[in-house]
Amino acid sequence: MHIIIAGIDTDVGKTFVSAILTVLLQAEYWKPIQSGSLNHSDSAIVHALSGARCHPESYRFSHALAAHQAAQIDNITMHQETITLPKTDASLIIETSGGFLSPCTHDSLQGDVFAQWPCHWVLVSKAYLGSINHTCLTLEAMRARNLSILGIILNQYPKEEEDWLLRTTGLPFLGRLNYEKSISKATVQNYANLWKETWKYRDTLLC
């Protein structure tokens, strides 16, 4: 099973979720596009937290900007056809960059590029002012593309807002993230253990 981790925005917990799922599903990891933090990339973080095999990025940029902007600064021409799924027999966790409809190449959106692959999707939403609106808009865009959505992971939401989102979106609840002062291998393993029961039924969760 290949799963794409999409977020309602940047910095909503996608890398943390990716590390947890590589442990839970004994999966490999791939981030197609890395912008900025090349010495402390998301692939390096996931590997350190989970020990998972991490496939090389298709593109690596020196500045933490939208891909098309970062590519321009680094004088790199991006080609959609070079962003291809790694060959592996293992399950694969694929992490997007930024929000679902973040720019990819100069004339494409990330969600449209990744939507071509035969993968399931998980949406990650983090609580902040405006996050419910961003969650509903992102889900609307995903459903408009007829994506196979497994469900949603909610990061630091109060219980009443969790209930509202789940009731309104109709998405299966796949896990909850709490505020963590620091994240370690033990933290990741603890979440993998907590989420085990829900993810046992992942094949029946599609919506």
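Note: Cβ is positioned from N, Cα and C throughout, glycine not excepted.
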Record-annotated Mg(2+) site (Swiss-Prot): member among Thr15, Thr22, Thr77 besides Asp42, Glu95: Thr15
For Asp11 (ATP binding site), the number of other Cβ atoms found within 10 Å of its own Cβ: 10
Spatial separation of Glu95 (Mg(2+) binding site) from Thr15 (ATP binding site) - C-alpha basis, Å: 7
Euclidean distance between Cα atoms of Lys31 (active site) and Asp42 (ATP binding site), Å: 7
Three-state secondary structure, Gln156 (ATP binding site) (per DSSP): coil
Other CB atoms within 10 A, centred on Gln156 (ATP binding site): 17
Neighbouring recorded positions, C-alpha within 10 angstroms of Glu95 (Mg(2+) binding site) - of Asp11, Lys31, Ser35: Lys31
